[in-house]
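**Q** TrEMBL feature annotations, pasted as is:
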- 240-267: compositional bias 'Basic and acidic residues' (COMPBIAS)
- 59-186: domain 'TFIID subunit TAF5 NTD2' (DOMAIN)
- 240-303: region 'Disordered' (REGION)
- 414-446: repeat 'WD' (REPEAT)
- 456-497: repeat 'WD' (REPEAT)
- 498-539: repeat 'WD' (REPEAT)
- 540-581: repeat 'WD' (REPEAT)
- 582-623: repeat 'WD' (REPEAT)
Amino acid sequence: MENMQAVNSFVAAYLKKKGFKEAEQLLEDLQNKDSAPIDFHNDPDLANFIHRFSPPEDEVARYRDGYSKLRSWTYSSLDLYKHELLRVLYPVFIHSFMDLVAKGHLQEARTFFNAFHEDHQLMHSRDLKKLEGVLSLSHLEEMEFARSLRQNKVNIKICQYSYDLLLQYLHKTQSSAMLGVVNEHINFQVISGQPGSISDDMEVVTLIGSCQDAANQINQKEIHWGLLEDSLEERLEKEGGLLSDSEKIEGENKEGDAEESKKRSAEGGKQGSSTKKLKKDKSVNTTAKSARPEAKTTSAAPRVKPELTLPIMSTEVEQSILEDLRNRVQLSSIALPSVSFYTFLNTHNGLNCSSISHDGSLVAGGFSNSSLKVWDTSKLGQQNGGSTVLGENDSTSIEHLAGPNGAKRSYTLFQGHSGPVYSATFSPHGDFILSASADTTIRLWSTKLNANLVCYKGHNYPVWDVQFSPVGHYFASASHDRTARIWSMDRIQPLRVMAGHLSDVDCVQWHANCNYIATGSSDRTVRLWDVQSGECVRIFIGHRSMILSLAMSPDGRYMASGDEDGTIMMWDLSSGRCVTPLMGHTSCVWTLAFSCEGTLLASGSADCTVKLWDVTTSTKAPRNEDKSGNPNRLRSLKTLPTKSTPVYSLRFSRRNLLFAAGVLSKNV
């Protein structure tokens, strides 16, 4: 009895010392109640109450031991379910770390982070670098990334059996810390059937909550993804002038047949060879027919009216484009494009960007020394006179570099920026070029006059990207100031400002009908904006790193986006959902381009390869294939490696020749 009183007095003194007045009052009430002794072992209510006010060492141990045991249990699970259960570890890890920081256990949180962060280094290295900088509670509250994680739940797709296994483990081990983290920060989307493929991991873990709710609401807005009315392609199709490869070969064969009949009447001895030639031509004709099952994908797209006032096209330019369209090569999975690759040499790590004109006749490079250089490919290797200054503007000149065997190679040097040039883009007809710079400006240059025409000022920070619209005259820019802006050549102020991204807007791309632009950001989202209203009409969530490149399909229905991790995602604009991820690149995807009829997608990467993807097998995949969990709906047709040249830009010409450009790198 005396021992119990001593224990009671000791507990009362401890509670008083720690300032737990409620617990102290409760203890006095229990002591005064019939003067009955307190049984700490058999009174669950009191045991739970004292457990709430246990020393902080126990709290730290609960997180550390709880996560360590969950990790060991997950890695020892059956292989069939292991990859699904492993998805749970990362959100549990980061929230356990942030919980320890929030409760003031800074040193213990750092020890916890260092002990387990290597498990997630491969998939989440950039997120971990950000969290590594969290050293105090104030950092947790001020850091935008950490605040977003704390305010939103992580959505994880998992099969029913994996979900049941996890719940059984958490209840069996009575791991209150882990159960609390899972309950508060993870939302499980339980699906029936077998576990998904391990390659689905890229798209099954997404952030939900206020961000996702807002995205879902925005994605309900109506968009018109069709092509412009009365386009040149449509007019050519109505006139019957857009011939397929097979029709071209048929026409050639008819002429050939007529010639052969004349030859047969004159020279009967050549009949055998003529028959062989005719059979060969017919076999080519058959191949061409089978190679173009999707030759007219754009003709099926709906037609929409333009929201912008379109520029008037000159008759000369129109005829040139129509001629290119008539001679377009139809591409498919068995008829791949020819590729012309331009390699920059001796840039001394100074080349930031490159651009190719629509016909491949001009190639531009933006450099760290604030210069823009344009090469005329028709003049490469030609002998030329001395250095000449063109026009009256000293900022533009023709310079010559000595090439191999003493040959002269000329380029046009455009100078005017006061900072590195990060992006350049040619107008559809090649008579203008835009450049975007770290000096916050965009400059318009004339490739015919070789002079700077306009300097556009509006952004407050470096401009990362600039792109001409498909019809010219209008262009869009993306900046470090988290905005994208729409401009017209005849006005020095922007027409629209698109604000909404949470971080840098790294790339921008126009829709085929010029009524929308897409922006990719370091906040790992892609947004689609209405150019007339300036409103965001779609948010695409799924990437795990910053988006570096965008491309729109010619029919305007699909969009491809490439990120820093090497992942490409194909999106359906009408639904806002990912059709399929494209896995294959091992480094940043810097450039994307659709073929003119939309059957192929080309991607260029820092891993020194160009990849060609079959688009039709993805966009026309049956529904039952989606349910089967097959991750390879969009197959890679061919990988074109370079020796040591990261790919900076890609461009399909109107005749479907693929142009590519990059810089020779000795460090790769």
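Using the three backbone atoms N, Cα and C, a Cβ is placed for every residue, glycine included.
Predicted automatically and left uncurated, TrEMBL annotations should be read as such.
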**Q** Please spell out the DSSP helix, strand and coil residue counts for the repeat 'WD' (582-623).
**A** 5 helix, 19 strand, 18 coil
**Q** Is it true that the repeat 'WD' (456-497) and the repeat 'WD' (540-581) have 3 or more Cβ pairs under 8 Å, skipping pairs fewer than 6 apart in sequence?
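**A** These two segments do not touch.
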**Q** Using Cβ atoms and a strict cutoff of less than 8 Å, what residues sit near the repeat 'WD' (414-446) while being 6 or more residues removed from its termini?
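**A** Long-range Cβ neighbours of the repeat 'WD' (414-446): 317, 352-359, 361-362, 364-374, 395-396, 452-457, 459-468, 470-472, 475, 477, 479, 487, 489.
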**Q** Which residue counts does DSSP give the repeat 'WD' (414-446) for helix, strand and coil?
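**A** Once the DSSP states are binned, the repeat 'WD' (414-446) shows 0 helix, 20 strand, 13 coil.
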**Q** Looking only at the repeat 'WD' (498-539), what are its DSSP counts of helix, strand and coil residues?
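**A** For that range the per-state counts are 0 helix, 24 strand, 18 coil.
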**Q** DSSP on the domain 'TFIID subunit TAF5 NTD2' (59-186): how many residues come out helix, how many strand, how many coil?
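**A** In the domain 'TFIID subunit TAF5 NTD2' (59-186), the DSSP-based counts are 106 helix, 8 strand, 14 coil.
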**Q** Across the repeat 'WD' (456-497), what does the mean pLDDT come to, as a whole number?
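**A** Across the residues of the repeat 'WD' (456-497) the model's pLDDT averages 93 on the 0 to 100 scale.
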